[in-house]
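*Asks:* Structure incoming, see below.
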């Protein structure tokens, strides 16, 4: 049947309705269970990373290859005409779009991915991260992992820990989970890195329950998902960072009293906010979460590049 995501730009998680999200996640589950190595056999996809990336770039490019697509692109703009000759982003995208069927793009500037859609013609642009703004495919793999481990995306208790002010992953994930009913949010962060007011206002408008907390221990017994993030040293003065760093570290001993099926997630890279002894517990799920990026990104590529998709 025809799908609503065909040739659609995916720049923000808000570009996807609840039905769209369910379609992507259902497609991801099918591709995980039944690989389709020739689904995009005659497609060419540009992987345009204007800033360095490890997991996102490798995950996207692996997804492309495993669906049979041809991949062109670059992992650093320094050696492109844009980096060396001063070509504009508009011209770069205008040219690349004449070569390929889709563009996957990461850029350090907020709004760059949305700008690219103005110059890509009918070629869909998939945002792989634009500054501290949006990272929709990270949110898709987060949702896929939550649904896979909890069996649902509604009536969940979700704690988010660390840098909630600048962390684009927690902004997008909160916006996505707010599309599903009955979810409750616990925000655990220092005052200087608290969740932005616009996110809290959005939750209030939707009638979603949320509360701020000063420690992980306060909520451990109540949550289904503990979503950890890295507190960035450069965001705080040295004395405050030392306090915060110690306060927002998860250790295996902190998991005593957690719900049996509670999962710890993290967008990675992890520095020292999750100690390695957590890795050995059944709650640790961040490496499986990263692996699910393959299937979430495969699903999105398959949907934007096929007017009809039957798996």
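Every residue, even glycine, has its Cβ placed from backbone N, Cα and C.
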*Asks:* Return the residue out of 18, 106, 114 that Swiss-Prot annotates for the same carbamoyl phosphate site as 55, 56, 135, 138, 268, 269.
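*Replies:* Same carbamoyl phosphate site in Swiss-Prot: 106.
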*Asks:* Which has the fewest other CB atoms in a 10 Å radius around its CB: 55, 106, 135, 168, 230, the listed binding-site residues?
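*Replies:* Lowest Cβ count within 10 Å among the binding-site residues (55, 106, 135, 168, 230) is 55.
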*Asks:* Sequence gap of 6 or more, C-beta under 8 Å: which same-chain residues meet both conditions with respect to residue 56 (carbamoyl phosphate binding site)?
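*Replies:* Same-chain residues close to residue 56 (carbamoyl phosphate binding site) (Cβ under 8 Å, separated by 6 or more) are 106, 128, 129, 135, 137, 138, 293.
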*Asks:* Which residues of the same chain, at least 6 positions away in sequence, have a Cβ lying under 8 Å from the Cβ of residue 268 (carbamoyl phosphate binding site)?
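*Replies:* Same-chain residues close to residue 268 (carbamoyl phosphate binding site) (Cβ under 8 Å, separated by 6 or more) are 55, 286, 290.
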*Asks:* Taking DSSP three-state, what's residue 106 (carbamoyl phosphate binding site) in: helix, strand or coil?
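*Replies:* SS state of residue 106 (carbamoyl phosphate binding site) = strand.
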*Asks:* Taking the Cβ of residue 269 (carbamoyl phosphate binding site) as the centre, count every other Cβ atom within 10 Å, in any protein chain shown.
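*Replies:* Around residue 269 (carbamoyl phosphate binding site), other Cβ atoms within 10 Å: 8.
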